[in-house]
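As recorded in Swiss-Prot, the features of this protein are as follows:
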ACT_SITE  Cys151  active site, nucleophile
BINDING   Arg12, Ile13, Asp34, Lys79, Asn315  NAD(+) binding site
BINDING   Ser150, Cys151, Thr152, Thr181, Thr210, Gly211, Arg233  D-glyceraldehyde 3-phosphate binding site
SITE      His178  site 'Activates thiol group during catalysis'
Amino acid sequence: MAITIGINGFGRIGRLVLRIALQRSDIKVVAVNDPFIAPEYAAYMFKYDSTHGRYKGEVTSKDDSLVIDGQSIKVFGEKDPASIPWGKAGVDYVIESTGVFTTTEGAQKHIDGGAKKVIITAPSSDAPMFVVGVNEQKYTPDLKIVSNASCTTNCLAPLAKVINDKFGIEEGLMTTVHSITATQKTVDGPSHKDWRGGRTASGNIIPSSTGAAKAVGKVIPELNGKLTGMSLRVPTVDVSVVDLTVRLKKSATYEEISEAIKAASNGELKGILGYTEDAVVSTDFLGSDYSSIFDQKAGILLSPTFVKLISWYDNEFGYSTRVVDLLEHVAKASN
């Protein structure tokens, strides 16, 4: 029996989640909700993507539906999640990808509208967070609302897990060099909470805050309080990179650290954590479905207990793939 899902918010993540879900035989997307996008425009936005390219199948709209490769997907335009008729549409699982309803209270409205469970595609202040490959096995069926954490946490956590399991992490600092996102400005404009964030995205390197490193402590409790970090927003459209600098409990050579990561990438974290020794740059990872790809040639070691590790991630496509993976895990655990 197919997992029936609805997507709330047809932005960058919502549209990519739909692309990925359409490739999975066990998932059926039956509805999309976005108050700002009519069906005809939704078809256009889904078909053409400046970053990931044109959708290779057939995309049209008919009345109040999106039609993709002959499959009809209902399009709603409700602002209040509680007003979306998920139940009537036959939706069991909602992907909450607006970036607005990130608390259990906000996500609960989807359940009030007839859905059974909700996966939030952003960090949440109170919903339990899961990172596939790290702690998804701790999911229990009684949890109706969960968070897939952030794209950066999904990159950092698998890497941190391997290092902590093998060598122990005393403490660490993370910097993510992060591509432009939709909340940034095309030209200088008002941004009252974050003044720097109001500056032109395409012409600046912009320091910003991120809770991604601290969030690792929520998915790996042993690292709680041991990691923090910051972000540098840079003028690239997609693909970001994590710089993790840690003090180890156990002495190691850079080769030993690399071997541990390589072993994990071929073992328990296969398909989640990648490994490369090639002379790569950011665009080489466009469309990558890994959460994190360790760049063996880019890291450095100062002493046997002090090391800098570099890992790439497609912050759109890799993350959206994990959203769908978590959905499948939740559905399987719930049946």
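Here the Cβ of each residue, glycine as well, is placed from N, Cα and C on the backbone.
The separation of Thr181 (D-glyceraldehyde 3-phosphate binding site) from Asp34 (NAD(+) binding site), Cα to Cα, is 19 Å. Relative to Thr181 (D-glyceraldehyde 3-phosphate binding site), the recorded positions with Cα atoms inside 10 Å are Arg12, the candidates having been Arg12, Ile13, Lys79, Cys151. Nearest to Arg233 (D-glyceraldehyde 3-phosphate binding site) in space, judged by Cα atoms and limited to the recorded positions Arg12, Lys79, His178, Asn315, is His178. Comparing the recorded positions Arg12, Lys79, His178, Arg233 on other C-beta atoms within 10 angstroms of each C-beta gives the minimum for Lys79. A straight line from the CA of Asn315 (NAD(+) binding site) to the CA of Cys151 (active site, nucleophile) spans 5 Å. One residue stands out among the binding-site residues Ser150, Asn315 for having the most other Cβ atoms within 10 Å of its Cβ: Asn315. Cβ atoms within 8 Å of the centroid of the Cβ atoms of Ser150, Cys151, Thr152, Thr181, Thr210, Gly211, Arg233 (the D-glyceraldehyde 3-phosphate site) belong to the same-chain residues Thr176, His178, Ala212, Ser231, Ser240, Asn315, site residues excluded.
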